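Enquirer: Here you go, one structure.
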Amino acid sequence: MSGGIMDEEIEIPPFFLCPISLEIMKDPVIVSTGITYDRDSIEKWLFAGKKNSCPVTKQDITDADLTPNHTLRRLIQSWCTLNASYGVERIPTPRPPICKSEIEKLIRDSASSHENQVKCLKRLRQIVSENATNKRCLEAAGVPEFLANIVSNDSENGSLTDEALNLLYHLETSETVLKNLLNNKKDNNIVKSLTKIMQRGMYESRVYATLLLKNILEVADPMQSMTLKPEVFTEVVQILDDRISQKATKAAMHILVNICPWGRNRHKAVEAGVISVIIELLMDESFTSERRGPEMAMVVLDLLCQCAEGRAEFLNHGAAIAVVCKKILRVSQTASDRAVRVLLSVGRFCATPALLHEMLQLGVVAKLCLVLQVSCGGKTKEKAKELLKLHARVWKDSPCLPKNMILAYPC
């Protein structure tokens with residue numbers, strides 16, 4: 001238990017414990033429903049978890065402001081002092097959250113010189129690291145817009161841009177602010193700025209730029225997604241190809257999942273060379289060691305194989321069929337379903353004697369028959385059956401098909 005307390009020697013008053021962490025509260029605060037929580041726990045619940053209900057009462061928290069419960073905090077401190085002989089450590093008095101006016105002054109003063117800008121960013125980094133309440137205060141004071149302006153306009157000073165980019169990511173800004181940044185056309189477009197950093201930036205900045213671009217494009221409306229420039233696709237694919245970090249790779253893949261449902265974007269992604277890069281990734285054990293990466297990769301391949309250019313690029317890669325076939329029944333239901341959809345797309349629209357023979361030799365037909373036999377999603381089975389029936393004349397009586405699979409072949 002917290003503070004080195006021996007629970008067999010001393011009983012902790014239950015109202016000293018945070019309802020979330022069940023540990024002694026170090027900084028008790030009251031939410032709008034009247035329940036007291038430890039600040040760190042409720043901030044994680046509200047901001048990191050993006051929940052807006054009270055964990056105890058389940059009522060909506062209408063006001064995100066947290067009111068310090070000074071009376072309870074002093075009572076806990078007194079209790080800690082009285083029980084020091086039992087090994088109870090006194091909780092320190094927490095520092096008060098930063099105020100909005102102080103932040104606004106900090107931003108105003110930074111405009112006077114480059115040195116003041118550097119000092120401002122250092123102070124902001126310190127404030128961000130203290131608690132989530134400070135992050136919300138910085139957001140209210142316009143810090144995300146201030147940082148985005150540096151990222152967009154201060155290309156001559158790489159270190160300043162890198163620091164602003166780092167801070168902007170760690171602010172964990174709300175969807176509303178992300179939309180404002182995306183819609184702000186007064187300064188340089190934030191998507192364009194992040195794309196440039198992904199192209200020219202240092203290692204860490206490329207990672208943060210990719211993570212930020214993912215967050216921003218998640219709140220984009222369909223028209224904003226459909227009008228993305230080809231350079232965005234080029235740099236996202238380059239991030240995947242460079243494999244600079246697992247975080248960046250997953251973020252880049254997530255971006256493609258979000259923007260490739262739109263027809264125009266599929267063509268841009270194919271032209272950027274994403275299909276061959278994804279197939280190479282699917283052959284990389286470090287990428288396939290976790291389920292989510294291969295799942296997203298299969299989703300993107302499925303989306304891109306819905307256009308003729310995508311199917312052509314897919315079949316241009318010598319390992320494509322084998323790699324996709326291998327993921328069926330090996331990763332997850334989602335991955336299996338998307339893999340079968342990819343094979344159905346190429347089998348329906350690109351069937352040639354050579355392709356059908358290749359699919360037979362690589363075990364695709366046997367794998368599809370297996371899908372029909374095992375516990376698998378109904379839609380996945382339907383698509384597997386559709387592909388098998390489509391080419392039954394070629395596949396069903398082939399000596400390449402194992403005898404035990406011939407019995408499973410749909411009539």
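Here the Cβ of each residue, glycine as well, is placed from N, Cα and C on the backbone.
Per Swiss-Prot, the feature domain 'U-box' maps to 11-86. Sequence annotations record features per position, and here Swiss-Prot assigns repeat 'ARM 1' to 132-173. Positions annotated as repeat 'ARM 2' by Swiss-Prot: 175-203. If you look up Swiss-Prot, you'll see 221-261 marked as repeat 'ARM 3'. Marked as repeat 'ARM 4' by Swiss-Prot: 263-306.
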Enquirer: Please spell out the DSSP helix, strand and coil residue counts for the repeat 'ARM 1' (132-173).
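Expert: Helix, strand, coil within the repeat 'ARM 1' (132-173): 33 helix, 0 strand, 9 coil.
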Enquirer: Provide the three-state DSSP residue tally for the repeat 'ARM 2' (175-203): helix first, then strand, then coil.
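Expert: Here the numbers are 21 helix, 0 strand, 8 coil.
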Enquirer: Quick test of the contact rule: Cβ under 8 Å, at least six residues beyond the ends. What residues does that give for the repeat 'ARM 4' (263-306)?
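Expert: For the repeat 'ARM 4' (263-306), the far contacts come to 225-226, 228, 230, 233-234, 236-237, 240-241, 243, 246, 249-250, 253-254, 256-257, 313-314, 316-317, 319-320, 323-324, 327, 331-332, 334-335, 338-339, 341-342, 345-346.
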Enquirer: By a Cβ-Cβ criterion of under 8 Å, what residues six or more beyond either terminus of the repeat 'ARM 1' (132-173) are in contact with it?
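Expert: Contacts of the repeat 'ARM 1' (132-173) (Cβ under 8 Å, skipping residues fewer than 6 from its ends): 39-40, 43-44, 46-48, 64, 66, 97-100, 103-104, 107, 110, 114, 117-118, 121, 124-125, 180-181, 184, 187-190, 193-194, 196-197, 201-202, 204-205, 208-209, 211-212, 215.
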Enquirer: Where DSSP helix means H, G or I and strand means E or B, what are the helix, strand and coil counts for the repeat 'ARM 4' (263-306)?
Expert: 35 helix, 0 strand, 9 coil
Enquirer: How many helix, strand and coil residues does the repeat 'ARM 3' (221-261) contain under DSSP?
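Expert: Secondary-structure composition of the repeat 'ARM 3' (221-261): 32 helix, 0 strand, 9 coil.
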